[in-house]
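Below you'll find the structure, written out as structure tokens, and then a few comments.
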Amino acid sequence: MKPENKLPVLDLISAEMKTVVNTLQPDLPSWPATGTIAEQRQYYTLERRFWNAGAPEMATRAYMVPTKYGQVETRLFCPQPDSPATLFYLHGGGFILGNLDTHDRIMRLLASYSQCTVIGIDYPLSPEARFPQAIEEIVAACCYFHQQAEDYQINMSRIGFAGDSAGAMLALASALWLRDKQIDCGKIAGVLLWYGLYGLRDSVTRRLLGGVWDGLTQQDLQMYEEAYLSNDADRESPYYCLFNNDLTREVPPCFIAGAEFDPLLDDSRLLYQTLAAHQQPCEFKLYPGTLHVFLHYSRMMKTADEALRDGAQFFTAQL
């Protein structure tokens, strides 16, 4: 679609979203558009420091977990000693960016609002790691903590997965992987999915929305996919195109959050409509006036804080 035909998104977003877009960080260098992935990752980490400030304090522990690929870093956020469940968090970043630091505030707030232990998994990034390595390492970490729950003093009898953007896909893919391969890591009480992508290759929102403001043009989305997948056949894998998986049975309760001006919004709508049509427990909520990645901006956006509270409330209601 010609850029001129797209919606004038920056004119339509909410006042608080505009405040975020217009917030300048004077000490921050320019985005290294032509730089290496390593430089872009470094910039992303620096840029997120401002948005992560002021998060709730709580007991935090870091552990390296063994997998067949090597060790993966994890970070445990423990808001109380008697947690009713454990929630695994997978960060967004198009499979190529992000880490436990870039999403620190999100995980702390989720732990605070749910009063559950949250474990962030620093899964391997692409293109160094190709599909399905990230999912396999997430599952390995889940199994490790299930086996060592007593040693780490965590409750693994009931678990959940949560993620934003690419992390939302990984969250649901990991839950389906455990179901399909009959791996016991505790009862999956719920899955929290903020503005994820789940397998659509084209849609109305992908045509009308997306630009330099969110890094989600059709060219951007193609680049993320090519970095993540090992080959063309992976596009149809039921753990990448999740609509090719069986969504008619034993899908854990899903909280599906959509951002109004997100090109990936139709992925969330289709996921909700598919699950609802087959009587799978799910809830969809649209957050008006928001862009993709709005969850990061709870320092300024009440809507971002609301979205985290909504997800936490949904999860605890399943326990």
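Any Cβ shown, glycine's included, is placed from N, Cα and C.
Copied from Swiss-Prot, the annotated features are:
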{"type": "ACT_SITE", "residues": "S165", "note": "active site"}
{"type": "ACT_SITE", "residues": "D262", "note": "active site"}
{"type": "ACT_SITE", "residues": "H292", "note": "active site"}
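D262 (active site) falls within neither a helix nor a strand when secondary structure is assigned with DSSP, and so counts as coil. All protein chains included, H292 (active site) registers 24 other Cβ atoms within 10 Å of its own Cβ.
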